[in-house]
């Protein structure tokens with residue numbers, strides 16, 4: 001009973017094999033697979049020399065093979081080897097033992113077939129291999145090409161590190177609750193900003209890839225994208241984004257100065273002060289409206305100068321400058337309209353206005369949808385400013401359009417004058433041609449009775465001149481009639497005394513002229529009186 005309960009003890013050959021395997025495996029990693037396999041074969045051959053410990057040697061050989069398969073993945077890539085080996089948690093009857101010879105595979109397959117297996121000398125001699133057995137080829141082992149870059153855990157880590165390094169970062173300046181700058185040009189990942197400030201990925205997408213003005217209200221933040229400012233407002237923090245990596249511009253510097261002044265100002269004890277987020281919001285809107293006014297003044301002055309010059313002289317260069325300035329004014333008007341619409345959309349959303357009280361939310365105070373008087377008055381004041389800027393820009397655009405139409409009309413009138421002059425010359429040329437026609441008749445070498453008279457030359461010349469003048473007079477008269485511009489084809493006909501005039505219903509004059517309406521009223525009254533007289537008679 002005691003012999004059956006004793007655990008098997010490792011033999012010297014097993015210990016020698018493990019020592020040899022550890023030395024050779026760590027000495028050369030490139031040939032580690034062949035070395036380990038050869039050591040495994042030697043271990044099996046030595047373990048078969050003693051018949052008394054055959055069962056123990058078989059169990060230990062199985063353990064050696066398991067240890068070999070455990071060491072190999074640590075030296076090489078893990079996935080291709082483990083892909084070819086079965087799971088260690090499977091029962092022994094379903095395991096495919098790793099071996100480099102066909103005889104060994106046959107030995108283990110024979111062992112699977114019979115549960116009461118008793119090894120014989122023939123099965124032990126199979127480990128030595130046959131004489132005609134082919135040598136081990138490189139194709140029998142896993143190929144190095146199978147160990148791709150994606151199968152290595154180190155390469156996966158490198159890929160993740162590269163993705164993390166290539167993740168876009170946002171530069172920002174942070175201001176604390178006291179108006180002090182605590183971070184200048186700090187870099188944050190988008191994931192960090194999303195996790196830290198409770199935002200959504202689409203919110204940051206509107207910051208870094210959208211140029212349209214937006215005012216987004218979130219449960220714990222206010223996100224603004226207005227012209228040159230991209231700001232995140234918390235109940236005690238303000239972040240000014242600079243995603244393009246450019247240097248600090250003058251409008252942003254002026255905004256930071258104004259923001260610090262508004263956040264650091266102290267109100268009197270009796271006066272109620274605005275919350276932190278509203279003071280920051282007011283600084284943003286002030287900077288945006290100031291920038292709009294500065295841009296409008298920069299555009300308005302050259303436009304007015306060009307318009308005044310075009311009144312005196314219409315030049316090609318001035319018209320070209322007017323075209324360029326009109327495009328700039330149209331772009332500015334569109335930009336101002338977008339800012340006004342963004343503020344107007346926020347004013348129409350009562351729930352967003354109520355959610356803008358971030359400081360009260362930190363104290364678990366929530367307002368109703370209609371209780372937002374302070375922020376509504378603040379936004380309405382700046383909405384009026386932006387609307388005035390939009391109206392002024394619209395007036396400037398309409399002035400440019402009117403000037404263009406007037407210039408076009410003047411150019412058309414000049415073109416018509418040139419065409420009229422051309423027609424006059426054509427009429428004069430026609431008259432001279434008719435006079436020379438008569439002179440050409442007498443240029444033929446034919447005999448006539450006028451040649452022998454003394455008055456022939458004077459008569460023919462006089463007739464030619466008179467005929468030319470008649471043709472010119474007729475042509476100029478027709479041209480003068482064509483030159484007149486009339487609103488109607490036919491003038492008002494003359495009305496004889498005692499004859500009533502009934503305007504044509506098809507003409508606009510009969511409906512719009514006050515005199516005609518009064519005449520119609522009198523005629524109707526006369527008809528009514530005459531009908532009454534007939535009744536009395």
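Including glycine, each Cβ sits where the backbone N, Cα and C put it.
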Annotated stretch (motif 'YGMN', per Swiss-Prot) among the listed ranges 438-441, 442-445, 446-449, 450-453: 442-445
Per Swiss-Prot record, range annotated transmembrane segment [choices 456-476, 477-497, 498-518]: 456-476
DSSP-assigned states of the motif 'YGMN' (442-445) in counts, ordered helix, strand, coil: 0 helix, 0 strand, 4 coil
Same-chain residues near the transmembrane segment (456-476), Cβ under 8 Å, at least 6 residues beyond its ends: 424, 427-428, 430-432, 434-436, 438-439, 442, 450
Reported mean pLDDT - the motif 'YGMN' (442-445): 74
